[in-house]
Amino acid sequence: MVEPEPEPGCSDIWDCDSEIRFCGRLSDGLVYAQHHCWRVHLSFPDRCVLSGFCSISSSKLRTSSTLHEPALFSPLLDFDPTLRQQAITCRIDRPGDDRKGGFSNFDYFREIFDRFSREFRAQASGDRMNGANGSGSGSGTEWHALPVGEVAQVLQTDVERGLKEANVEELQAKFGPNELKGQRGVNPWRVLLGQFTNGLTVILVLAAAVSYAVQDYAEGGVLAFVIIFNAAVGFVQEFRAEKTMDALRRMASPTAKVIRDGGLSRISSPGVVPGDIIVFEVGDVVPADCRLFEVLNLEVDEAMLTGESLPVAKAVEPIKGDNASLGDRLNMVYSSTTLTKGRGRGVAVATGMNTEIGKITKSIAETSSGSTPMQKRLNLMAYILFGISLLLAVVVFAVNKFNFSTDIILYAVSLSIAVIPEGLIAVITIVMALGVRRMASQRALVRKLVALESLQAVTNICSDKTGTLTQGKMTVTSVWRPGSERVVVTGDGWSTTGEFLVRDSAIAPSDLLGDLGFRLLVECSALCNTANIVEASEGKVWGDPTEIALQVLAYKLQMGKPSFRQLKEPVTEYPFSSATKRMSMLYRDVGRDDFELYTKGAENVLDLCDRVLENGAEVEIASRDEFLRGVHEQIQVSAKQGLRVLVMAYRTVDERQMGKSVTKWERADVEASLVFLGLVGIRDTPRPESKVAVDQCYKAGIIVHMLTGDHHDTALAIAKEVGIIRAPPDRADATVVSLSNPVMTAPEFDAMSEAEIDGLEELPLVIARCTPATKVRMIEALHRRRKFAAMTGDGVNDAPSLKKADVGIAMGAGSDVAKQSSEIVLTDNNFATIVMAVSEGRRIFSNIRKFVLHLISTNVGEVIVLIIGLAFKDRSGLSVFPLAPVQILYMNMVTSTPPAMALGVEAASRHVMSVPPHTKGLFGKELLADMMAYGVIMGGLILTDFVLVIYAFGDGNLGLECNSDRNVFECNTVFRARSTILIAFTWMMLLHAYNCRNLRASLFTKDGGGASKIFSNKLLVVSVFVGAIMPIPTVYIPTLNTTVFKQETISWEWGIIFVSVVAFFFCSEFYKYCKRRVMTNHHI
């Protein structure tokens, strides 16, 4: 027995004369006790007892360590009573030559010890059953590591007769039904209420309430319409979210075959309890997590949990070693996985929420989704603007000596509304809804609108491999024959067309088939096969993925299985098993009176081969060592390419040679003295567009990580092929990927602490044998580095990380659970579509910045005019408002909103995928500076227009009660000034929309939206043209102008309007010129 190294703080003294001491590792749960060189080994899961109990003499040990008075152990139990609830296994090793005494009656002590151990374990088993309903986490029980007999003992069941029916009811009451506890379904009222919880909407609701309170029904009605419209669009989008827990329930097996009281019966899946003996057959959905104890060619599709692209062959032997991942627990089957081959029996060890899929359900429910940077900034902006609007309202009342007349109240409300961009929520909602439709047409369905903003900020994409970067279809990509060059096979997935290359040169199929050995290898691929192909291009194939790949190879050479129906008659199938790791098919040659055996399998098939083909003749292997060395070299070459290698062999045999009838042939008789044909390399090939998509990600400053359930070599090969692992670029300022440790396995990654992970120079680009917990840890590690992470996946195992990620991207062909946990669903399961989605997200975010700049900068201009305008007072000392309340509302809703919406549908910049992600949120320093700069320019020019009309060219008379229409004649000059600044302000806003098409480029250039692109955005052209015409009738239509808008007809004032608009254009160009000189960083 090799003693483990003591843990820090544990005693490392093993003195035969000292008192008993305990020491052990948390990892393996072994605790060693020594007393006079008699070593007692106690297994306490997850425990390390640093010191033991009092020293006990040998005589006391002999006399008092009886069944009822276990003096040796009772002090330990007093030391930590909770150990009574742990599963303790005990054994004693007799000392060797180092013995320094002790007692002589070893057999007596051993008997006492064993009796106590049995009693103690029987006592503990009841407590352990309380925690037995868990496959490794709930109770700490590693079922895959225990022998079947011990599993049955702990669960108090019989592997042959099953549970007693009399005990089932009690167990069902204790553990509950075998089903997933879902959360409540989507509540439409809750979704609707959620539309009113953002800051801007709350402020708009308050503004509408005040408008109705002062009987300004026109303004209140417009605000109400905006609020309802925003809520309706958001509600329709978000209510489409399916119910995650309902999807999980639907995945449960409807029935299960169980053995109880020695009889086989079929029960509903919720009736399964821990300890039930469950019988499995091909096509069954596993109803609970089970420890297998009998298998026959049993293979299970676990892709939904592990991401493993191939069905997993199961075994029954205990799995030793710490931290075995789900994919490596070959003696376990898990709830909701599907049997693809064979049959078996197992003991249910976990049901309901304690299954692996139940743990995923819990983690999904416990994972909260945070707000995006734009949501946070918009809410912060809303509250700041709300505070400013209240302050300005107080200023209005103060300047007017707290005269609470209707006109003053309306002006205060109008000023407050001028601060709030009422159209912002409407424009954001509409633009995102249009983006959703655009992305849907490109095979990306958006479930949550905020995901569009999140996409542009993505710095890292954590992608699954199977079906995302790869095609999800096993394909033969290489064939090797002894004495020949390796043949590379091309083709897309299950397409039955492709080329055959040797040293990058195409070889005609007829030339390949001219080699008898190659022809026999293809025959073996077609005939030692149970797959069925109807129309591969349409996905009409049935069978094991590996056998489909071999059948497709044969079809590419016009030698599919149907072509042999008249030539070869099947006799016997010797199926694949985990023990033999091979499959053979025996055929009778119709044209001859003999039989042909075709065999494929793992490397152990080589042990059955004693001949090879040379020049069309079978010859004995001259040097077996040399032969095996050459074959293994080729296997290693294939393994480094991520290929699954199959050995192909055959033999001809007849009844005379065997000495008995074919009906009496045994497998061992036939599978001998085989002729080695060659090696076939199979893998799940990358999508052709994956490498291009990964390249685009790196150019856009996005790092791609591959998190897969496949093995290390397979993951590494695919990662290199699609460009995830690459040499660092030469550019010093580029995103350099460290290649010091680009690939890790999940056990390696999970064994690291958070501090150790954070200490890595770069996170691994590839994690193989990945588990759900590993994926979540990877997302958390990225978040600690302040990265914005997207996660792609399709299986149930991806659901927690999809929800944890900033952007969850599910595959359309994946599980409902994954879709429900994501923000975006790809209908074509293609990684390249993600790049399109990121590009679209960047376009939408860039456009949001443009129209936010347009709306808020014009609001800043309005506030400047309205606040400074309070200084203009009439004879009574009351302020004369430069803009009437209706004019303010008109500009905010009628003038600003349409061009802002047009900016929202701007085409993407040609640099959109050539710049790093924008992770600072919506309101960066540049945008804030632009808002203030353009607002000051507009506000200053409008105030200048107002002063020019009244004082420079007018009579300077501000009249009396000019805030109403009661004194139109005396207020003529003020009304004319209002008409002037309404037209000028409107036209500046419309021109400013063109300004906002590019935050830096001049309007004289193509990039700036001018030159040949001046008419490219037709919606913008229409909104600007119509918007420029619409205010003119309000100036000249009688009654409408004076009574509603508080303005008057104008004539010579048009000159001031044109000059001020041109001045705004040149001021804007000068400001952009200064920005281009100062700012050199990239932007979109």
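In case you wondered, yes, glycine gets a Cβ from its N, Cα and C as well.
TrEMBL labels come from automatic prediction, so no person has curated them.
Segment annotation: TrEMBL labels transmembrane segment over residues 884-906 (candidates 631-653, 884-906). Against the transmembrane segment (1049-1071), stretch 927-954 has more CB pairs under 8 A than any other of 380-402, 927-954, 1015-1037.
Contacts between the transmembrane segment (408-434) and the transmembrane segment (884-906): present, as 3 or more C-beta pairs lie under 8 angstroms, all at sequence separation of six or more.
The average per-residue pLDDT of the prediction over the domain 'Cation-transporting P-type ATPase N-terminal' (142-216) is 79, rounded to a whole number.
Put simply, of 380-402, 851-872, 927-954, 974-994, 1015-1037, the stretch with the most CB pairs closer than 8 A to the transmembrane segment (884-906) is 1015-1037.
Each residue of the domain 'Cation-transporting P-type ATPase N-terminal' (142-216) gets a DSSP state, and the totals for helix, strand and coil are 43 helix, 1 strand, 31 coil. The list of residues near the transmembrane segment (927-954) in space but at least 6 beyond its ends in sequence, with Cβ under 8 angstroms from a Cβ of it, reads 849, 852-853, 856-865, 868-869, 872, 882, 973-974, 976-977, 980-981, 984-985, 988-989, 992, 995, 999, 1052-1053, 1056-1057, 1060, 1063-1064, 1067-1068, 1071. Listed as Cβ neighbours of the transmembrane segment (380-402) (distance under 8 Å, sequence separation of 6 or more from its ends, same chain) are residues 198-200, 202-203, 206, 408, 411-413, 415-417, 419-420, 863, 866-867, 870, 877-879, 923.
Within its own chain, the transmembrane segment (851-872) has Cβ neighbours under 8 Å at 392, 395-396, 399-400, 414-415, 418-421, 423-424, 427, 431, 879-883, 888, 891-892, 896-897, 899-901, 903-904, 922, 927, 930-940, 942-943, 946, 950, 958, 981, 985, 988-989, 992-993, 996, 999, counting only residues six or more beyond its boundaries.
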